[in-house]
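Working notes, beginning with the structure itself.
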Amino acid sequence: MTTAVSAGRPSAVTARDLARATATSQRRGARFKLWAGAVCTALVVLPVALAGVLPLPGANAQDLSRRRLPPLSEGHLFGTDQLGRDLLSRVLHGGQVSLAVGVLAVLVSGLIGIAAGSAAGFFGGWVDAVVSRFLEAQLALPLLMMLLLVVALFGPSVTVITCVIAIAQWPEVARLTRSLVLVEREKPYVAAARVLGLRSWSVLARHVIPNVVRPASLVVLLLLAQAVLLESALSYLGAGPQRPFATWGRIISDGQDYITTSWWLVTLPGLVIAVLVVGVNLLGDGLRDRTRPRSRKGA
Amino acid sequence: MTRTPHLVPPPRPPSRRTLLRWGAFGGAGVALGPLSACAGPTGAPGPGTLTLGLNRSLVSLDNKLNQFEAAVTVQRAVRQALTRIGPGLRPQLVLADRFEMTEPTTWTVRLREGVCYSDGSPVTVDDVATALRMYGKVPGSFLLGLFPELPAVEATGERTFFLRTRRPVPGLDRLMSNIHITPAKANRPEELRSGLGSGPYRVVRANSGAGEYTLARNTRYWGGRPSVDTVRVRFVPEESSRVVALRSGELDVVDTLTPDSAEQLTGLPGVTVQEISGARMCQLFYNFRKPEGHPLADARVRQALTYAIDGTALVRDVLTGTAEEARGVVPLALQGAVPTGTYAFDPGRARRLLRSLGAEDLRIKVIWESGEFAGDTSVMEAVLDMLQDVGVRASLQQFEPGGDILKWRQGRGGDWDVIGNGYSSPTGQALTMLQGMYGGTAEKDRTGDAFMGYVIPRIERRLSAAATEVDDSERERRLAAVQHAVWDTWPSLWAFAPKTLLARRDRVRGLALQPINSYDLTAVRLEG
């Protein structure tokens with residue numbers, strides 16, 4: 001952006017106008033989103049990752065004589081649950097399960113989505129038709145019902161839940177990748193690569209995919225929040241890993257019976273999920289805004 | 001040097017964006033305003049309407065396949081039996097005004113004069129005979145397992161008949177409280193969808209899929225007039241939702257409360273919590289289908305494991321005092337139950353015994369269905385921790401309602417070691433429960449019908465002998481002896497008899513909760 005009020009050139013655009021300009025607020029917003037997202041995400045992810053080395057009681061260590069102690073009780077920052085287990089420890093260890101499922105699921109769904117979407121966009125024809133119809137069919141199915149059905153059929157293990165969420169999320173990545181590849185394949189460098197005699201698969205893998213992987217990976221990051229929420233929803237509905245594995249959904253599900261007397265059993269794990277999801281979404285939004293091509297008059 | 005002229009921008013009218021923003025705020029306010037009404041209680045029952053919140057779905061008002069305790073209250077308000085289990089767990093006459101054992105294998109019954117259905121048609125002997133036939137034809141019926149044999153009806157008059165059995169069935173008057181009488185023409189060997197019965201209420205609206213029913217007073221009821229005009233039955237599976245709905249006045253009665261919900265509701269203005277010693281036994285029952293040589297096939301290993309369980313802490317802290325640790329193989333509230341022993345907590349002894357029996361590397365898989373008993377998941381997780389404390393590698397597998405735990409119970413689903421299970425005696429007799437749980441035979445086990453594979457012929461023989469004994473004192477003596485014999489086989493890792501808990505709004509009066517977790521709806525009245 002050029003300086004609006006330059007010396008010697010009269011202008012009606014004041015510094016205040018500039019500060020209120022859409023482009024400025026967008027840039028400021030992107031920076032805020034990036035920082036706020038990073039802080040929120042780190043606030044949850046770091047303690048979860050370090051749960052094993054933090055001086056906390058075991059996630060499943062019970063003390064029936066110290067049930068439902070409120071937050072900030074002696075030795076229990078988040079209080080204790082209905083079996084006298086340290087709630088903070090359960091939330092952090094539960095987060096390891098939820099985050100591991102989420103990260104693995106988005107990695108798998110990202111790989112499937114990028115592979116299928118780029119093939120559909122680049123080759124077109126019957127490949128495009130098959131992939132497109134398949135993802136449309138899957139998008140038409142009610143997601144949670146489908147997940148519950150698959151978990152009921154194959155049993156609620158971490159592997160099954162990861163695969164189920166991964167398979168549930170690939171259409172979004174595939175759709176975006178397909179549209180990005182449709183744009184890329186018309187660019188001159190693709191034609192040049194063909195003229196040089198590269199095979200289609202080589203052009204796609206070596207030249208096109210590297211150019212679309214960045215925006216596609218941002219969508220994958222946004223899907224992480226959705227994957228964590230899905231895992232929590234499944235656990236909440238009783239389709240999570242078997243007890244005594246702590247997962248966020250199960251901690252909330254177990255705690256809701258005590259909502260009127262022990263608010264922290266539901267509120268604190270819920271808050272942790274909310275902070276993570278908001279953080280990841282802000283981070284993804286901020287990154288997207290930063291990588292978005294500058295506007296025409298930018299420069 | 002020329003100064004840059006400072007141009008003062010003219011005042012601007014509100015931009016289009018600003019107008020749109022104001023419009024959006026205004027629109028949102030108009031749209032969201034009515035939603036504020038959602039903050040208050042909704043759907044509160046009317047002055048003459050009693051609303052019950054059940055925690056399990058009442059899929060039918062017929063009890064052939066579906067008789068969980070709280071449902072009995074509603075089912076018996078529409079359909080009645082010849083007898084019922086009344087206060088003190090004693091049998092009371094309902095449709096019959098005479099029900100006597102006149103010979104060891106013959107009971108003489110007379111229908112009450114003037115008993116009729118809600119459509120005005122009379123209750124007949126043929127209806128009783130058909131009902132017994134239909135119950136007998138239903139496969140997989142829980143009720144059928146309670147009967148040593150179904151009696152045959154032999155009509156002797158318009159209202160009188162004999163109930164004959166091949167062998168003596170001393171508790172037949174109690175057992176017949178589970179056979180609901182329906183017009184013969186409408187009866188089928190399945191759960192009936194129609195709501196025609198002789199009870200004080202008739203069905204005016206039913207949604208069996210959602211488990212919701214509306215009952216209205218039966219104006220042709222042969223007995224006393226019930227004081228509540230309309231009864232609404234709702235299925236509210238979430239315990240927390242039931243608690244909130246009761247607090248807000250949306251529900252009048254919630255039954256089968258968990259100890260923690262009872263704790264939340266106790267002392268609240270406008271709400272009363274009732275409790276009574278129950279006729280239900282909740283057990284962590286061993287799998288008796290283990291092959292010879294498996295550690296759990298050895299009663300000494302089963303006994304050693306019981307020392308790992310701190311029953312006092314479970315009752316005090318997890319069940320918050322709303323249960324009694326078992327001191328027998330059936331709840332002591334039942335007629336004929338005797339104390340046989342107690343569970344002791346001694347983890348050191350458990351470790352030593354397991355080591356001496358060569359079972360120190362024992363792996364235990366505990367299974368149960370959610371909601372099998374109040375506080376089930378907390379009990380199971382606490383037990384898991386206690387087993388791990390004595391070196392047993394324990395794991396849990398929880399089944400959701402509607403899952404295939406039945407297959408597992410019958411030994412057709414997968415291998416397990418301990419099952420969390422609740423068992424009731426709908427007759428109020430210890431004998432019924434003992435026969436159901438410990439009267440298994442090899443023949444029954446072939447179809448998976450022996451309770452958790454418990455087939456011990458000497459126990460079964462002694463139970464059969466007690467069950468057919470017509471002399472009351474001799475039967476009691478034999479029953480007491482067989483209960484001791486069962487205890488010595490250590491069938492359960494731990495067991496407790498939960499108290500029956502119910503919460504009601506204070507406007508509901510006259511609700512006399514029975515140990516079998518039901519009550520007579522005709523006695524209930526609404527005030528205010």
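Keep in mind that glycine also has a Cβ here, set from the backbone N, Cα and C atoms.
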Transmembrane segment per TrEMBL sits at which of A:219-240, A:263-284?
A:263-284
How about long-range neighbours of the transmembrane segment (A:263-284): same chain, 6 or more residues beyond its ends, C-beta under 8 Å?
33-34, 36-45, 68, 70-71, 78-79, 81-82, 87, 91, 94-95, 218-219, 221-222, 224-225, 228-229, 232, 248, 251-252, 254-256
Within the same chain, where does the transmembrane segment (A:97-127) have neighbours whose Cβ lies under 8 angstroms from its own Cβ atoms, ignoring anything closer than 6 residues to its ends? I mean 6 or more beyond.
45, 48, 135, 158, 161-163, 165-182, 184-185, 200, 203-204, 208-209, 212-213, 216-217, 220-221, 223-224, 227-228, 230-232, 235, 241, 245-249
Same-chain residue ranges lying at least 6 outside the transmembrane segment (A:34-56) that approach it to Cβ under 8 Å:
86, 88-89, 92-93, 95-96, 99, 272, 275-276, 278-287, 290
